[in-house]
C-alpha cells in the first residue's frame, strides 16, 4: 500500500504534507495540534501510565549514568528533565524516552576527563589545556556546542545521512560501547578506586588493573553488587514476564532495589554480612552508616531544587568541537533509530531533518543549566511503548514526577551506595551485549553487513567510543562503494 497521510495516525495527519511523501522541515506544530486533537478517552490512560513508569525509571538511571559522565548524580536527573521537556514540543517520535543513556554519558565522561581530569584519576601523556575549569561548566558548554552542531545539520538537511547509519553499524557500535561502559563500572562493583586511561588499548589496561585490585576489593560492596545484579537480572528475566500477563506496566525493579536499601537504612536493621548469597541476607548486612563502617562510596549531597541558570562558557567552544561532533551524531543516532522502530510499528512517520532541529534545540535550551548531552534510551523507550504511550504528552507526567523528586526528595537519595548505581548500569547493558546473536543472521543475509557489525564492534573495543564511531562510519561508506562496484 502506498503511503499517504490518510494511512497515518489522525493526530499527525494535519502536520504532514498531502502532495508529497517527503515531509518538509519546519518549527514543529505537532504538540500544539495534539492538544487540540487529543482523544482523552483513548489516549490519556496510556500516556499517564507510560509517563509515570518512565518517570520512575528516570530517577535511578539519571543518577547512575551521571557517574559515567563524571558529574554528580543529581545532574543526570537535571539533564533528563530539561531535555525531555523541550523535546516534547519539537520531536516527531512519539514513543522515545529522551534523557541520559549509557553511550553518550561515556563519551561525555571521556571528554571531561581529558579536558578537566581528576587528580591522580587518569593516566595520559597530556595535561589539561583549560586550567581551573569546573566539570559542570565544561559539560554545559559541551551541551551547547552539541546542540549547535545538530541544528546546523538540520539547516543543511543532513537527515538523509541516517541511511548510512545502518542497523549493523548501530548494533556493532553499541555492543562495543557497552564493553567500555561495563568495564568502567566494575571498580565500583568491587569497591576500589582505579586510574582511568585514554587511547588505544585503554580497555585492556583497565581490565588488567581490575584483576590486580581483586585482593584489595571491598567485600561488602561486592556482596551488595552481586545481590543487586541478581535482583535486577532475575527480576527482568522471570518476574517481568509474569507481571506482563496481568499488566502492561513492568515493575520498577531499579526503584525497588533503591527503596530496599533506604528501608533497611531507615529501620537501622543490622544482620550478618552474608546469608548464603541470598539477596535478602545481603541487604540485611547493610547498616545505618555504610560509608563510615565499611568505607563504601555513597551518593552524598543532593541539593533540593534547581541551580540558577547561567550562560554557558563560550570560551571553551574551540576545545570541544572535536568531541561535540561525534556526541551530536550518537545522540541523534539513538533518537532516530528508536523513533523509526516505533514509527514503523505504530504506522506513523518521523522526520529525519526535523529530529536534528528537535535534539539541537533541546540541547541548546538545556545548556543554560548544569547538564550534559542526552539522547534516547533503549530501555526506557521500550518500557514507554509497552506501557501504552500514544503521544509525546506522556512526557508531561514523567517530567512532573521527575520534578517532584528534584524539588523535594533529593536528600533522601544521598545514602545510596554508588555500587548500586553501577549495578543498574551493568544490568541495563544486557540487551546490548545480546546483539552479538545477530551475527549469524548478518552472515546469511549479507557479508557486507556482517563485516560492518564486526568492524564497528571490534574497533570500538580496541580504541575508544569516538574513534570507533569514526572508523565504523568510514568503513560503512566504503562498503557502499564496494556494493556499487560489484
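Keep in mind that glycine also has a Cβ here, set from the backbone N, Cα and C atoms.
In the predicted model, residues of the domain 'SLC26A/SulP transporter' (44-455) average a pLDDT of 85. Per TrEMBL, the feature domain 'SLC26A/SulP transporter' maps to 44-455.
As annotated by TrEMBL, transmembrane segment applies to 74-90 (among others).
Outside the transmembrane segment (97-115), and at least 6 residues removed from its termini, the chain residues within Cβ reach (under 8 Å) are 54, 57-58, 61-62, 65-66, 68-71, 76, 79-80, 83-84, 87, 91, 121-122, 124, 126, 128-130, 133, 135, 138-139, 142, 174, 177-178, 180-181, 184, 196, 198, 319-320, 323, 326-327, 330-331, 334-335, 362, 372-378, 380-381, 383-384, 395, 398, 425, 428-429, 432, 464-466. According to TrEMBL, the feature transmembrane segment maps to 97-115 (among others).
Marked as transmembrane segment by TrEMBL: 135-156 (among others). Non-local neighbours of the transmembrane segment (135-156) in the same chain are 25, 69-71, 75, 108, 111-112, 115-116, 312-314, 316-317, 320-321, 323-325, 327-328, 331-332, 353-354, 356-357, 359-373; each lies 6+ residues outside the stretch with a CB under 8 Å from one of its CB atoms.
If you look up TrEMBL, you'll see 210-234 (among others) marked as transmembrane segment.
Look at TrEMBL and you will find 255-284 (among others) tagged as transmembrane segment.
The transmembrane segment annotation in TrEMBL covers 316-335 (among others).
According to TrEMBL, the feature transmembrane segment maps to 356-372 (among others).
The feature transmembrane segment is assigned by TrEMBL to 392-409 (among others). Under 8 Å from some Cβ of the transmembrane segment (392-409) lie the Cβ atoms of residues 30-31, 34-35, 38, 43, 46-48, 50-52, 54-56, 58-59, 62, 74, 77-78, 80-81, 84-85, 87-88, 91, 93-94, 97-98, 304-306, 384, all in the same chain and six or more residues away from its ends.
Taken from TrEMBL, the feature transmembrane segment covers 416-433 (among others).
For 453-482 (among others), the entry in TrEMBL reads transmembrane segment.
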Two-stretch contact, the transmembrane segment (453-482) and the transmembrane segment (316-335), at least three Cβ pairs under 8 Å: yes
Residues of the parent chain within Cβ reach of the transmembrane segment (74-90), under 8 Å, 6 or more residues beyond its termini: 27-28, 31, 58-59, 61-66, 97-100, 105, 136, 139, 302-303, 306-307, 354, 357-359, 361-363, 365-366, 369-374, 392-393, 395-396, 398-399, 402-403, 405-406, 410, 413
